[in-house]
Amino acid sequence: WTLLVCNMKVGILGAGAIGCYIGGRLLLTGDHQTVLIGRQSLLDDMATSKPPGITLSSYNGDPSFISQDRAKVTTSPEALAGCEVIFVCVKSAQTEDAARIIEAHADSKAIIVSFQNGTSNPKTLREGIKSSQQVLAGMVEFNVVWSEGANFHLSIDGSLYIEDLLGVSDHIVEALHHAGFSVHSRADIMNVMYAKLAMNLINAINAMSGIPAVAMLEDRSYRMAWATCVDEAIAVYQKAGIKPAKLKAPVWAMPYILRLPTWLFQIIAKSLAQMDRTLKLSMLQDLERGRCTEVDYINGEIGRLGQEFGVPTPVNDHVCALIKATEREGGPPMLGPDVVLLQLYDALRGRLTPGPVDLSAVRQCVEKPSDQEDRDGPVANMFPWLPGPLGRVVTLAQIFLNLYGISLKTLSRFTFANTIMCICIVLVNLLFDLPQEVKLLTWVCQYVFVIVGIMCWFPVVRQDPTYHNFCDKRSICGVFSFWHVCTSLFQAACGIPGLLILYRTQEMQVCAWLWWLHYTTFTATALGQTLYHLIPGPSTLVLDRFPECTVFMSTVAAISREFIGEDTGGINVVTFLLLFLGILAPLMSEFLDDLRMFLIVTYYSLYAMSVVAIIFHSHYDHWPMMFFAMSWYALGKILYLCDKEIFKLTGQRISGHSIMHCFNGMTAISSAWWLAIRHPYHP
C-alpha cells in the first residue's frame, strides 16, 4: 500500500455534489489521474453548461473551470480498474452496490475511503468487499451545492477527516492537502463520525423547511427543533459509551448554542463557521431532485442506537416518518418553523401515534389553538371521581401541564412531599421557641428543596410553540387581540395607585425600595404584555416575562423582610438571592428555553409567602390582606386554565385570559390598599 504522491490514479465512485467537488479539485492540481463515475444526469449537465464542463466555486474564492475534455467523467464502473485510491461518495443506501462494484472492478491493492454520511458505511464496505482492499473511514465536514448545470459550489467551510491506520492514509492526506483541502488523519475516526452524525441532524430540519440553511438558522424555532434532535443523540451516546470528538464545537454544547436568542447565536455561529446564503444541505437537495434521502442513516441511526441501548428516541423516529412522508409527496414540504417544532415536541411528549404521517394534517397542526380540545377532539373528564366542575378544572390543568411535558401525577407527588416538609417546618417553629435566624434557615432550606427537586426530578420544560394561539384574537377598531390589549392596559393602570400610595407612605414602610421595585416592574410587565398581545411571539414575550419575574421575587423579598425582620442575620443575603432568582428565571427561559425556574418563581412564590406568614409574625397590622391580594392572582390562574371554556360560556365575548389580566390588576389594587391602611406594630 505504499503510494507515490504524484501520478496516483484516483477514482471517485459516486460523482454527486461532494464527489465532483473533491474529484474536481484533484483534477485542477494535475498531479493525479482522476476519474469520476456518476450518473448520466451529470454528463447531461456538463454538456448543457456553457462552456461544457464542470465549474467549481466557493463562498470565499473565484470559480474554477474544468473543460469537458479534461474532466474524465463516465457512467461505467469499469473505469475503477487500475485505481490506487477510490473515494466512495455514493448515498448510504447504495453502499452495498458500491461494495459489489469495487469487488468486481477495482484492484485488490486499492485503498477505499468512505466519504459518506452516517456511521455504518465503512463497516458495510468491509463486509461487502471480499478481496484484500483496505477500507478507511472518512468524514466530510463541508457542504457542496449542485446548482443549475454542472456547477458545484462550496457553501460552508470545513475539513476532510480520514482514518489513520498504520500510515496507510498518509499519502492520501498529502494529496488532498495539495489539492487545497484542510485534511486531518485521526485514529479516533468513529468519534469524529459520531460528532458529524449529531451535526448532520440539521439535514432533516433543513429538508422540512425547504429554504436555504442560513435563512433557516435565523429562525429560533428551527434551531430548537435541531437542538431537540441533538438532545436525544447525546442521551444515546452517553448510554452507548460514545465520546464524540470536538469539531467546530463540542456536541454537548450544541443544544445550548442552538437555543440562544438569534442575535447571540449569529455572533457565535460566525466565529465557528463561514457560510453563504446559498447553503442547502444534501437532504434538501435530494428532495428537490426527487431522490430518496439518507434520513435512515442519520436520524434513523440515532433510533437504531437508542433501540440497542434502551434509550427512547421518539423525536428522531418522528423526523424519519416526516421525511418519508415528504419523499412520498415529492419535493420539499415547506413546513414552517412552529409546525416543525410543535411536531417534535408532541413526539417527545408521547402525543403522536408512531407510524406513517399525513403531511396535510401536519401543516394544519399549529393553526389551531393550543388547548387539547381543538387538536384532539372534545376532552372527557380525566378525573370522574371529582365533582363535575372541579374535575373539569383539574382535567384542564393536566392538559396545560401536558403542553410542557409535565405529569400531573409526578407534580402531585412532589407537591405532597413538599407539603409534608412544610408542615414539619411549621410545627417545629410553632412548638419550639427558635431564634429568628434558625427559623429563616428552615424556610430557606424548604425553598432550596423545591428548586433542587424541580431542577433534578422534572424534565426540562420547553415553551410550547402554540402558546401564542389564544382563542380570542379578534381585531376591533383595527387593534389585534383587542380585549387582551385593553385588559393588559387596565392591569398597567392598576399599578399606578400602588406607586402613589407608596410615595405618600414610604416613611412607614420597612423596605420601601422593594415595594417601589414591585409596582414599577408590575406596570412594566403589563405594558410588555400589551405589546406582546399586539405582536405575539417569542421576541415580545420576553418583554412580559423579564419584569414579571422581578415582580414576584421583589414581593417575596419584601414580605420576608417585613415578617422576619430587617435586623435578622442573613436576611440581606436571602433578599439578594431572591432577586437573583428573579433575574435568573427569565434568562434561563430566554437563553436556554428552560421554563422550570420561571414556573418556580411565578407559581411557588405564593406558597413561599404563605409559609413565611405562618412561621413569623408580621411587623404590620392587617396582614391577612396579603392573602386577599394573593387570592386574586390564584383565581386569575384558574381562569387562565379555563380560557376557552369561559370564552364559550360568554358567547365568545371575553376569554379567561382577558379576565385574568383584570384579576392581576386587582392583585395590585389589593396590595396597595394594604399598604395604605396598615401600621407597624410589635406583637
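Using N, Cα and C of the backbone, Cβ positions are placed for all residues, glycine too.
According to TrEMBL, the features are:
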DOMAIN    10-165  domain 'Ketopantoate reductase N-terminal'
DOMAIN    188-326  domain 'Ketopantoate reductase C-terminal'
TRANSMEM  414-433  transmembrane segment
TRANSMEM  440-460  transmembrane segment
TRANSMEM  480-503  transmembrane segment
TRANSMEM  515-535  transmembrane segment
TRANSMEM  570-588  transmembrane segment
TRANSMEM  595-616  transmembrane segment
TRANSMEM  622-642  transmembrane segment
TRANSMEM  654-677  transmembrane segment
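With DSSP classes pooled into helix, strand and coil, the tally for the domain 'Ketopantoate reductase C-terminal' (188-326) is 99 helix, 1 strand, 39 coil.
Same-chain residues lying 6 or more positions outside the transmembrane segment (570-588) and placing a CB less than 8 Å from one of its CB atoms are 437, 440-441, 444, 451, 514, 542, 545-546, 548-550, 552-554, 556-557, 560-561, 564, 594-598, 600-602. Comparison of 515-535, 595-616, 654-677 by number of C-beta pairs under 8 angstroms to the transmembrane segment (480-503) places 654-677 first. Ranking 440-460, 515-535, 595-616, 654-677 by CB pairs under 8 A with the transmembrane segment (622-642) puts 654-677 at the top. Confidence in the domain 'Ketopantoate reductase C-terminal' (188-326), given as mean pLDDT, stands at 93. Sequence-distant contacts of the transmembrane segment (515-535), counting only residues of its own chain at least 6 positions beyond either end whose CB sits under 8 Å from a CB of the stretch, comprise 479-481, 484-485, 488-489, 491-492, 494-496, 498-499, 502, 506, 509, 541, 543-544, 546-548, 550-551, 554-555, 558, 661, 664-665, 668, 671-672, 675.
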